[in-house]
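**Q** Just dropping this structure here.
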């Protein structure tokens with residue numbers, strides 16, 4: 001009952017305590033729940049989107065004599081390697097036996113509906129560990145085990161995608177926790193101040209300091225517990241309303257318990273200390289020596305801690321440190337943002353008293369009596385207003401960080417995604433660029449070919465090739481980072497072969513042949529790089545014809561001649577059939593002319609441009625030159641085995657390329673350097689190229705080493721070298737409305753697979769980070785404002801006698817109220833300057849790293865200029881200013897009321 005009366009007597013302060021605890025618990029639950037929910041959705045959608053070999057791990061082992069034991073041991077190994085702690089990765093394991101096969105196949109698939117982010121590191125290393133364990137177990141792998149499927153590598157990539165959420169989560173939590181603790185301390189001090197007489201009365205009647213502390217602890221426990229439970233419940237309800245996953249009971253309870261424990265410890269601790277010192281006089285603390293000695297030491301300690309954490313942060317470039325399965329939160333680096341904000345804020349506070357004293361001296365020398373009074377009071381009461389100055393500086397600096405992070409991350413993420421994708425949309429599963437280009441919302445569509453390979457040093461490299469039109473129109477400008485005109489100009493080169501008129505629909509070859517009848521095929525390449533092998537149909541004995549594919553900028557780049565076997569004939573001697581001689585078969589082949597015909601029947605002769613030559617040995621199959629003196633195609637010989645010759649233009653096809661700066665540095669290349677790329681892994685053979693230009697980053701890059709080329713030049717070189725035409729691997733699409741264009745393409749081509757930076761669902765996972773930062777920093781600002789109101793209340797209590805003295809000296813209530821308001825405004829302005837300084841310095845130091853860690857597959861040395869969300873920051877600053885203005889107004893009114901009613905004691909006079 002006594003405790004209830006004590007709480008009721010100071011209901012306003014206990015209500016403030018409950019509100020702070022509710023806000024702290026709500027922010028904790030909301031921040032953790034929001035980011036955890038985003039990670040959980042990202043993991044489950046990522047696993048659910050896998051199919052085929054990507055969605056499974058397969059272990060194939062020949063059947064042992066004891067199949068029951070083999071199966072049991074294999075399944076036990078799989079279960080063991082998928083356990084972590086007391087839980088297991090949710091998977092389904094099936095065993096199958098292919099028809100007419102003596103093997104067992106165990107297939108492991110993840111359950112997308114139950115998997116969690118904590119399962120990914122285990123799943124990422126499970127493939128190799130299960131495989132090794134099966135091989136080491138004689139009952140399972142005595143005859144060997146084959147592993148297939150890439151679920152483990154997909155889990156590792158997915159873990160890297162959601163890891164930034166864990167790295168950034170502590171940043172707003174730490175800032176909110178720091179501001180919340182100081183706010184609770186200010187409330188505890190204010191509550192203790194209004195209870196000083198009550199505490200002294202209890203002590204005089206025999207109550208011990210411990211009893212006062214226990215009673216206050218019970219009061220704080222009830223009030224803080226109620227507030228924390230309400231705040232956590234409200235945050236959980238909001239998570240459910242927005243379709244997010246609620247926290248588990250254990251984590252929810254831990255957050256509530258942490259908030260309640262901090263509130264009880266601070267409130268009870270201050271009450272106990274006050275009761276303990278109730279009847280002591282001239283304590284060391286009253287002299288102020290301890291504070292004067294400890295304050296500089298604490299500042300130095302805080303700055304040193306901030307320096308250490310910042311060094312660690314800059315060492316990794318983010319709050320994450322690399323691990324064998326990806327990355328993990330570094331416990332020191334993750335403190336850098338909060339400690340940097342706190343260090344700069346405290347340093348700004350350290351210079352506040354000297355500045356105030358300087359203003360006081362300036363006012364005293366001049367006619368600024370009010371300035372001298374305000375500055376003098378602030379200089380002498382710096383300890384009292386230190387908390388709101390630091391808190392507002394911390395909260396305001398946090399808002400500056402949030403305002404810098406969001407646009408900086410967004411710009412860098414969009415830039416990286418656009419560069420990695422190469423275009424707004426990438427369509428695979430079809431190469432019909434005409435049909436795609438006709439879809440609604442598509443501005444340009446161009447076929448592209450892409451290769452990846454490993455350099456001699458084992459680093460992944462990639463090449464993307466498009467035609468000149470594709471480079472100019474289908475490549476994404478990536479926010480101005482890609483100069484498409486310069487890229488196309490750098491890769492432009494004269495193309496070998498005979499140009500085909502634009503309106504031509506057929507090709508006619510005038511041929512003569514003796515000894516054999518060869519089979520012919522023409523190779524045509526268009527300006528987009530699409531190469532086509534066209535079998536020729538004989539029309540009589542002297543003409544071969546083929547229909548031409550559609551396309552612009554077509555050229556005839558090769559003619560393939562398949563000569564059947566023409567061995568010498570055995571001519572027996574008359575009367576002696578077993579004897580005789582070989583009669584050589586003379587073989588000749590000649591192309592007299594090549595004519596392109598259009599739909600109206602008009603003929604357009606093609607100029608072959610010099611004597612074409614065969615690819616490979618000129619005596620292949622027994623056929624030799626010289627070729628036709630007039631420069632057209634031909635061969636002669638005395639017969640031989642069947643062979644295929646490809647006649648190509650006499651001039652070589654150059655392929656100028658643009659390479660990334662990282663590739664240029666690693667290969668010691670610059671403009672003019674000749675390079676050779678082994679594209680055999682993608683059936684592309686060798687590519688001989690010349691570096692035309694070096695760029696920091698290139699569109700379509702899969703890694704740091706990237707190359708861009710003209711598809712038509714690359715295709716021509718490969719066909720001239722004797723390989724088959726390279727098929728396009730994708731179609732790059734430029735559009736202003738990616739989602740609408742993707743839907744239109746999917747409707748027109750149901751079998752197409754469409755990806756792009758704006759429609760990739762995985763990118764939505766990391767959009768939770770800026771929301772969490774704004775939420776945390778806004779909550780911190782709310783706590784700082786509560787602390788400011790609490791300090792204003794404490795100032796009213798502590799300075800009541802001073803008001804009485806000033807009234808006795810002739811100061812009017814309105815004058816006193818105005819002076820007090822200016823004191824509070826000056827302190828808030830100083831805090832605002834501290835917020836701007838701490839926010840700007842911290843943003844410059846840590847925001848690029850925070851933004852980089854939330855970018856999927858960022859470029860090394862990615863330039864991340866700081867951007868500021870001026871609108872968001874302006875709205876937040878205006879809202880804080882309005883609340884501060886309200887607090888200052890109420891404070892001034894209370895001072896004026898106090899001045900009208902207070903009577904100074906005679907001793908104070």
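The backbone N, Cα and C atoms fix where each Cβ goes, and this holds for glycine too.
What TrEMBL records for this protein is below:
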- 171-191: transmembrane segment (TRANSMEM)
- 212-235: transmembrane segment (TRANSMEM)
- 247-272: transmembrane segment (TRANSMEM)
- 293-314: transmembrane segment (TRANSMEM)
- 334-356: transmembrane segment (TRANSMEM)
- 389-409: transmembrane segment (TRANSMEM)
- 771-792: transmembrane segment (TRANSMEM)
- 824-850: transmembrane segment (TRANSMEM)
- 870-891: transmembrane segment (TRANSMEM)
**Q** At a C-beta cut-off of under 8 Å, are there same-chain residues at least 6 beyond the transmembrane segment (212-235) that contact it? List them, or none.
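**A** 2-3, 6-7, 14, 17-30, 33, 199, 202-203, 252, 255-256, 259-260, 263-264, 267-269, 271-272, 275.
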**Q** Among 247-272, 389-409, 824-850, 870-891, which stretch has the highest count of C-beta pairs below 8 Å with the transmembrane segment (171-191)?
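**A** The stretch with the most close Cβ contacts to the transmembrane segment (171-191) is 247-272.
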**Q** So which of 247-272, 389-409, 771-792, 870-891 is most in touch with the transmembrane segment (824-850), counting Cβ pairs under 8 Å?
**A** 389-409
**Q** Which residues of the chain, 6 or more past the ends of the transmembrane segment (247-272), have a CB below 8 A from one of its CBs?
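**A** Residues 17, 20-21, 24-25, 28-29, 32-33, 36, 180-181, 184-185, 187-189, 191-192, 195, 199, 209-210, 212-214, 216-217, 219-221, 224-225, 228-229, 231-232, 236, 239.
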**Q** Near the transmembrane segment (389-409), which residues from the same chain, at least 6 beyond its ends, have a CB less than 8 A from one of its CBs?
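**A** Sequence-remote neighbours of the transmembrane segment (389-409) are 172, 175, 178-179, 182-183, 337, 341-342, 344-346, 348-349, 352, 766, 769-770, 773-774, 776-778, 780-781, 783-785, 787-788, 827-828, 830-832, 834-840, 842-843, 846-848, 850-851, 854-855, 864-870, 872-873, 876-877, 880.
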